[in-house]
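Asks: The structure is given below, and queries will be raised subsequently.
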Amino acid sequence: MQDVQSYLDELRGKLEVKFSNQTEFLQAVDEFLSTVAPFLEKNPEYVEKNLLEMLIIPERIIEFRVPWMADNGAWCVNTGYRVQYNSALGPFKGGIRFHPTVNQSIIKFLGFEQIFKNSLTQLPIGGGKGGSDFDPKGKSEGEVMRFCQSFMQELQKYIGPSLDVPAGDIGVGGREIGYLFGEYKRLNGYQTGVLTGKPVSFWGSLARTEATGYGLVYFVNHLLMDQGDSLADKRVLVSGSGNVAIYAIQKAQALGAKVYGCSDSSGYIIDEDGIDLAVVKEIKEVKRGRISDYVKLRPNAKYFEKENIWDVNLSFDIALPCATQNEISEASAQNLVKQGVKIVGEGANMPTSMAAVEVLKQNNIFYCPGKAANAGGVSVSALEMAQNSQRLPWTFEEVDQKLEAIMLSIYETCRDTAAEYAEPMDLMAGANIAGFQRVATAMVSQGLV
Ligand SMILES: NC(=O)C1=CN([C@@H]2O[C@H](COP(=O)(O)OP(=O)(O)OC[C@H]3O[C@@H](n4cnc5c(N)ncnc54)[C@H](OP(=O)(O)O)[C@@H]3O)[C@@H](O)[C@H]2O)C=CC1
Ligand SMILES: O=C(O)CCC(=O)C(=O)O
């Protein structure tokens, strides 16, 4: 039988040739492959069965044209994607991203990570992801609605409550999910469970809006408690000021941390008196404005135009990247070390480059990978599916308690799996191996399909 290292090297070489232009996808795969050797050594049947290559090739990729009309009558067109990655554990499940940078590489990296994340939740969901290079920023309500309707006219052919259940991601929140749901309903009838992240008025789950940010902070809090520590008075910075960032700030503050800064794609703010979340919410959730407006309402705060928050000159304890992929470069990671950071908890998907992860590791900074730490969102999406199947809503407290229990279980699984197969507290290896183990077992049991 081929030895594990030569199998992995050969596979890497093959993928680099086949997907040479898909850098984010190759990055996500490479990060995964760099951690699984010890598990494969103990479980050689997965090498014999070539299961890794099987997992890395998506079950299906759908790419489609999305034509729509701008308010001024212009004929516009974007590209839509849905990657139905792996259905060994349940219907494909994962968000939809609307952002101008979206391409097949981005959707594939997100879909690949989603497989392991969903597996770690222990809930019956497979992995998928979708999106479009449409930019909702600066578009009118009418334009966003017409785009969503056109996107769903095509996507509806491929999704369903037991087949593939999309949700939100960057640029897709309750408003967009509402328009997507309305169009699906018009074409197929009322099927509550076809999308999650729905507004509560039509069978969305209470606490789904908060779930990713809250879940991230629960994960970090359990890590701290394991070290005999707590969030009280910890100095925290958060990147982004969207859905994940806002509710991470809310929960961190509720647990006694001091959050001093957040950002958007134009720059970042530092408020030494502590972020006033009501002001951020008004700017971002109500006015859909820019974070620079914060300093107009809080004149003691400072705004840093076109700068990355991770290059800040301020000492702090915990970094919560909640914006986008590769926002923490190797140089930014070195700055985090300089500023005294002890924990990096990823709310975003793959926000830390591989070179940056290496810097964190070498400096003994606890690194909580997104596929574990941001799994709260998809977990509550799965709970939304359960409520929709039951046709009964659960209370906020009920959902929140289940969310915290799931995040504790994910944290403990990653910690214990790391201890068994890698370095203690190598949570990235723990997440990859534990996530893989469950999917791989299911794939083998289901045969070559
Ligand atoms: N929503 C969810 O439930 C989940 C989301 N995630 C991940 O969390 C991250 C944030 O998602 P979410 O909060 O939902 O998205 P939102 O669209 O609500 O917010 C995204 C935030 O990130 C900022 N941002 C986006 N792109 C960039 C960029 N290139 N540089 C700097 N800032 C940027 C945005 O700023 P601006 O407004 O200026 O663009 C905005 O503040 C993503 O990585 C997503 O995949 C992970 C799990 C679940
Ligand atoms: O709620 C979901 O289905 C997906 C959330 C998501 O896109 C993610 O976890 O990255």
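Cβ coordinates come from backbone N, Cα and C, glycine included.
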Asks: Record says Gln114, Lys117, Gly168, Ser381 bind substrate. Source is TrEMBL. Which of Lys93, Lys137, Lys402 does it list for that same site?
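Replies: Matched candidate out of Lys93, Lys137, Lys402, per TrEMBL for substrate with Gln114, Lys117, Gly168, Ser381: Lys93.
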Asks: Taking the mean position of the Cβ atoms of Lys93, Gln114, Lys117, Gly168, Ser381 as the substrate site, which residues outside that list, in the same chain, have a Cβ no more than 8 Å away, listed in sequence order?
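Replies: Apart from Lys93, Gln114, Lys117, Gly168, Ser381, the close residues are Gly94, Gly95, Asn118, Ile125, Gly127, Gly128, Lys129, Ala167, Thr196, Gly377, Val378.
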Asks: In this structure, which of the binding-site residues Asn243, Ser381 has the fewest other Cβ atoms within 10 Å of its Cβ?
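Replies: Among the binding-site residues Asn243, Ser381, the sparsest Cβ neighbourhood within 10 Å belongs to Asn243.
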Asks: Need this for a regression test: binding-site residues Lys93, Gln114, Thr212, Asn243, filtered to those with Cα within 10 Å of Lys129 (active site, proton donor). What's left?
Replies: Lys93, Gln114
Asks: Near Asp169 (site 'Important for catalysis'), which binding-site residues out of Gln114, Lys117, Asn243 have their CA within 10 Å?
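Replies: Those near Asp169 (site 'Important for catalysis') - Cα within 10 Å - are Asn243, in sequence order.
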Asks: Looking at the binding-site residues Lys117, Gly168, Thr212, Asn243, which have a C-beta within less than 6 Å of some atom in ligand 1?
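Replies: What lies within reach of ligand 1, judged by Cβ under 6 Å, is Gly168, Thr212, Asn243.
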